[in-house]
Every structure is written in C-alpha cells, then in structure tokens.
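Per Swiss-Prot, the features are:
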BINDING   G607, P608, N609, M610, S611, G612, K613, S614  ATP binding site
Amino acid sequence: MTQYTPMIQQYLKVKADYQDAFLFFRLGDFYEMFFEDAVKAAHELEITLTSRDGGSSERIPMCGVPYHAAKNYIEQLVEKGYKVAVCEQVEDPKTAKGVVRREVVQLITPGTMMEGRTIDEKENNFLAALTHFEDGSYALACNDLTTGQNTVTLLTGSVEDILLEVYATGSKEIVVDSSFSKDELNKLTETLKMTISYEDATAIPEGLEHLVKNVSQAKLIKAVGRLFNYVIRTQKRSLDHLQPVEIYYTNQFMKIDVHSKRNLELTETLRTKEKTGSLLWLLDKTKTAMGGRMLKQWMERPLIQKERIEERLEMVETFVNDYFLREDLKEKLKEVYDLERLAGKVAFGNVNARDLLQLRRSLLQVPAILEAISLLDNAYAARLIQGADPCESLTELLGRSIQENPPLSIKDGDIIKDGYNDKLDQYRYVSKNGKTWIAELEKRERDITGIKSLKIGYNRIFGYYIEVTKANLGALPEGRYERKQTLANAERFITDELKEKETLILEAEEKIVQLEYDLFTALREEVKVFIPKLQHLAKVISELDVLQSFATVSEEEQFVKPVLTTKREIFIKDGRHPVVEKVLNGKLYVPNDCIMPENMDVFLITGPNMSGKSTYMRQLALVTVMSQIGCFVPATEAVLPVFDQIFTRIGAADDLISGQSTFMVEMLEAKNAIANASERSLILFDEIGRGTSTYDGMALAQAIIEHIHDQIGAKTLFSTHYHELTVLEDSLDQLKNVHVSAIEENGKVVFLHKIQDGAADKSYGIHVAQLAELPDSLIARAKEVLAQLEGQEEIVIPKRVEVKEQEVIPEPVVVKEEPVAIEETKVDNEEESQLSFFGAEQSSKKQDKPVLDAKETAVLTQIKKIDLLDMTPLEAMNELYRLQKKLKKG
C-alpha cells in the first residue's frame, strides 16, 4: 500500500471495511470511486471511466459523480441490489493538517433505504434477519426503517417453508450469520432474489433494550439482536423512532402460501406483477399512505379469530350506514400526511421545514377525527382511539415556528416565523432597515448627481456598489466616490457610508441564516419527544382509513356483510369475482351460488374451456379472504366459516420453484395441501394431473379427490377435464358434481358462465379452438378424430379399494408395452379396475400373458410399498433411478 499516495492509502483503508459495497469517497464537490468500484460503477451507472495517478507505476481507474446529484446515482445502484458506503470529509480542509479526515457516515442498502424511487409510499420496505438454531427452527425478525416497525416470529418446517415466509415479507435484503451454508445462501439469492448481508452479533444493543420488553424467548431475542446490530452498524445515527417489537405467530392468521397468493392475485397480477388488476387494487380506497400499507398487511395475513373479524365488519357496517360520517372522515384523511415516515425522518435528522409543515397540517385534522369516532356507539371504536393523543401542543409549537411557505433547504434561511426568537427578530430588523436605507441612499445619490440611471447593486464577490455608466462619469463630484470595479460600459464605486451599512447588513444576514438553522435543529429535537405519540396516532388513523376504504368499496360495488358461522358450511348467493366484475366495467357479469352444507365437502367441477371454472374457484377464495380481513363480500347473501388455510393450484406453473416442470409443480403443491390441510381449510385444485399421461393424470386426480374426501374433509373445489371422474359422485357421499353450462347454437358454442348441478355432457374443446381461429382444415380433422374416439369404448374408472389409512393413492398398476399377468389369481380383479385406452375389439382379443420373473416381481413389490407423498421430488427420482438400474442388471 505504501506505493500509493496518502489519499489513496486512506481510500484503501476505508474500503477494506466495506468490501461488499461501492465506496462513495468525498473529494471536494465530487464522490469518487477507484479501482474495481470505478470499473463496475461506470458500467452500471453509464458514466465515464477515467484514471488518475495514485503514486504507483500504473494509473488507477476512477469515476465520480457530483455530490449534489449523488442521491440519484445511489438510488440506481441500490435498486439493482448493491450497497453504497458514503464516506464524507469530517474536518474542514482549510484547517486540516495533511490528508483531510474522512469517515463512512452511512451504509445504504436495499433494506435500509429511507426514500427514493424504490420506496413505494403504500408499501413497507422491510429488512429481514434470519437466525437458524440447532433444533432446526428459525427466528425471523423484520424492520422497516422508514416507519420504525419491528416484528419477529418463530418458524419451523422445511427450508422451503421458511423461505416462503421470508418471501412473504417482501424484504429486498436479508441479514444472516456467517455460518449459513452455501446451499441456503444460494436459495436466498437465486430463488428469492435478495441481497445478502452478514451480522454475527445477537445481543440487544445498549439503549434499545426497552424495545424487547415484551419478548421473552431467547431465540426471538437473538434474531432481533442480529437485526438491530446490523441497522446500527449501517446507519450510524439516531434510531429514536424504532417501535417496540411485535411478536406474531403464523398460526394466528389464515395461512396462504406464496403460490396461492400469486394464483389468487391478491396484491399483484400474475402476468405483469403490478398492483393494477389485483384484489388490493380493487379494495384500496385509502386516503393515506400509511393506511395503504396497513391494508396490504391485512391482506397478507387474514384473521382466523371470529370475534376480531366481526369487530371489523361491524365498524365497516357503521361507515356504510353513515354516509356523511364516512365522507367527512375521507375529507380529513386527505389532509393527513405519512405520520410514520415523517416520524422516521425526524429521528434520522433529515426532516426539513416543509415536512414539519405537513406534520402540522396533519395534526390539525386529528382532534375532529377522534371526536367523531368517540361519538360512535361501538366498543371496537372506543378501544381503537383509547390513548390517542392529538398532540395539540406540538401543533401549536409548529404553528408559531415554521413559515407557511418555507424553502426546501434548511440552510437557506426564511424558515422561522417572526416573533419566535428575539435575537432573530433583531437581526431581521437590521437587515430589513438596512435595505430600506440603501434604497433611500440610491434616491439621494441620484438627486445629488442628477444621474437618473445611477443604481446601487450587490454581488457576492464585491458586495454593495454604486454603478454609473461611463457616459455619466463626468457628473460625479470629485473625492466623494472610491472606485471599486471597472466594466466595459460602466464604473462601480463605494462610499464610506455604504461600506459601514454593508458590514451591518451582511453580518445580520449571515447571522440570520445560521441562527435559523440552529433554531430549526433545536425544534427538530423538540419534535423527537413526540415520536411515540405520532406513531400511535398513525396506527389509529391507518386502521380507520382501511375500514372506511372497505366501507367505500362495499357501497360502490354493492357488497354484502358476511355472516360468520362456527359450522362447516358455505352459503353464497349470487357470488361474484370482485376484480373480474370491476374490469368488465358495467358489462353483464353472471353471478353464481356456492352452497356447500356441512355434509358436502367436494365440488367436482366439469365444463368447457373458457367457461369460467377457474374464475368460479378464485371467486370463492377471494370471498373468504375479503370476509376474514373484515370487508364486505361480492354477493347478495353470504354465510361463511372461518378458514384456517387456503391451498390453490390454479393457472400456469409458478416460477418461484425454478427448473421444475408444470407437473412437478402440480404435485408439490398437491403434496403441500395434502400434508397440511385440515377440515377447516379451503382447497382449490384446477385440472390436477393434466401435466402427465391421461392414465397417470386421471389416476392421480381420483386418488387425490378420494384422499381429501376421506382423510381431510376440507371444503374443496376440484375442476377436471376427466369427465370419467364424475362417476365418483356415486361412491363418495360428500362429493357433488357441478358444471359450467354452455349451449350450442348454429354450430357455435355459447358459454353461459352459470354453475349448475350435475356433470357436463361435453367439453367443447374444438369449439374453443375455433374461437382461437385455428385453420379450418385442422378443425375439420380434429372433428374426424373426435368422432372415431367417441365411437370407442369409454375409459373405465376403477372401483374404490380399501386402503390403509396412511396411504394416499390406490395401489399403482404397472403397464408395460405388452400386457403382463403377475399372478393368475389377481388378473381378473386387476382387469376389472384397469383404465382402458383400447377399443372394444382390441381389448377383447385373447393374448398370452407372460409372467414376471423373480427380479421384476421383487421390484414391483418395492414400488407398491413406496409412499410418494412422503418423499421429496429428488428422493423419488433417486429411488426410480435405483429400481431402473436394478432391472437393467443381467
């Protein structure tokens, strides 16, 4: 390092502590980057890469950005998942001996960004910290630095389950300890696309102990400690706005895994990944940014406590029934700014005068809001506003201190009102009167000299001056003026009298700016005291905002208050898919009933493609989610149970599990439901088994239906193209066939989008192909093939067989290229239960059936004993490979 200049040595010393970040190194009016940072930053930011002499034989790569524009460049890097360490000059270059002392004042990362393009006002920006314990459990702690919110939970289950919970937080960055395995880190970076950071310290930092008073579990405290230590290390500033840690447990809320949230498009659409077109888009009528964030949190975690849901529903009903109360509340909420993030800016010391003016305007609305809610005859409302302080003393303080139209910068003056500080008033008097005196002097000098164009001006270099054009220089009295500057067409002068006043005025103006800055920073410290009260107010106002949002959308869209029942029954009259109905924008939407009494668990849904099966299934899920977040639902009448979980397999393969086929994803999601669902769950399976051969697909579909029916008892909607499965209604007493109706008119299919009892008579697949405008010749050929197939013997559905309780699917039937007889005594029974794809003529032929040898019989016996649903995909593949290898050995 000694071969470099002292400044480059200083850079390298600082950089050594921030190897995983870009180092923005302050040099005068620029932030400079050197070596690899410069090469990479020049590429990412599309700025010029240059070089400089650093003392070694080779020139050092260098690039830089102006300090006043650095914010935008930092945002660009953080948006791409990078970290940026900001290194400032911490001493005056004029007084420095040797190299100016520099220190990193902040490490900006994806999870610690406070403002910018990446921060959506209606979304949290969580930083996650994950701690792994020897017993296989994990603790997950999250912090939103912009609002001060902190949460922690204990997690058990597979690594995939843990990762899905991490993903559900929406965190862009996760903090782990250095013991995490490479495989675990790869899943975090590649699967979840998160920035990885490291922190080994887990003790709660000094001064933050009060935030974990309600946390007693050592595991949870370790996770929070890791999170807090990382935040302190990166931010290097006051964290007065951090809120007490909230403990939550996943079993306190309805569980909806990430796949299901995506399939249902709760907060973003599948295709565009945008809010528009999602359920959140429809329900979001909030007027405040913090209300929008709370709405999304509620949607991520619907309630499962019947009493809490009913409390919300009653408040929504109050707002629905009182139009004037609701409209008055909405008007006041429009004037309320983001109290949570304003409090965060106060704590961080980057709040400006305009922010405090917004805070005052927000607080002016609070007393009327609290008073209106206090008049309601509602225990939930009374409890909600209990302890809410309108902070009237803060409102008064800000009212007498901050100007009505302050500048953006707090270093330019003109931010403090007259009358707030005596010394400031004195300086302003001198400055104001001095300027008045100068205006009078200008008039007097014109009168004395008779030069009407004479003027008194000011610039930062020469101060005040008297300017006279060269044509009028002869009119100036001798000895009165002292030459100060010569211009092309004029001369500038000064007088003793003007010098004296200049000194007074400039001193006053300089002192005004400095005093205003000092007064503002002192005011900011006074506001800090109110941070806890502001955060409590923010929660109250956010909740009221979400409830009025529910009421507004419920009235606009003609939703109805659901009735919650402890029975396992669903009664939805004229239910609608809320988002599809909204997108149709006034066009006729066909409502559908969903009536499943306690003794009816499974709807087997058949019907044409494009007829609305998937929409009907999603509709039920969205109605239940809306009900359990406390919103009215799209129906004319709704009686619903409280579901503990929702499992879905609807739509295209999810890309969260990379490298898996559609069928594998289907099976993984089916396994998830089968392993975790209870009789209080809701299962929605759309076309399970379509990703494999017809034999396999139909067999698996039937086995899954039977298992759900017999072993789980969850309310289930199961759509299928296997019309042969509709005979299951005869053997499964809690299964009912329903179909989406369609009619044929003049050779064309008309979808009625109406759910009716019974099985569909045909699928109309060729008609759908016609709608897609496939070639006429292709359509004609498809009709010929269909006629031939329909003339053949139909597939026979196997009769139900008695299986052990732990088995999920019936015994597999081995199919080789040639029919095989295993044991003569079993052939008849197996033929009776086999699915036949052969025509009547072919299947009736008598064939000699070779018998399996001992090795093949042994392999078949092993296959029969395998419980696929207890195996991971990799284990199943390895087992298949082992058996195949065994058969191939001579």
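A Cβ is built for glycine as well, from the same backbone N, Cα and C atoms used for every other residue.
Sequence-ordered, the extra residues of this chain that approach the ATP site, with Cβ no more than 8 Å from the Cβ center of G607, P608, N609, M610, S611, G612, K613, S614, are V740, F751. When the binding-site residues N609, S611, S614 are scored by other C-beta atoms within 10 Å, S611 scores highest.
Fewest other C-beta atoms within 10 angstroms, among the binding-site residues G607, G612, are seen around G612. Around M610 (ATP binding site), taking its Cβ as the centre, 19 other Cβ atoms fall within 10 Å, counting all chains. A C-beta separation below 8 Å, combined with a sequence spacing of at least six in one chain, links K613 (ATP binding site) to I605, G607, D686, S719, V740.
In the three-state DSSP reading, K613 (ATP binding site) counts as helix.
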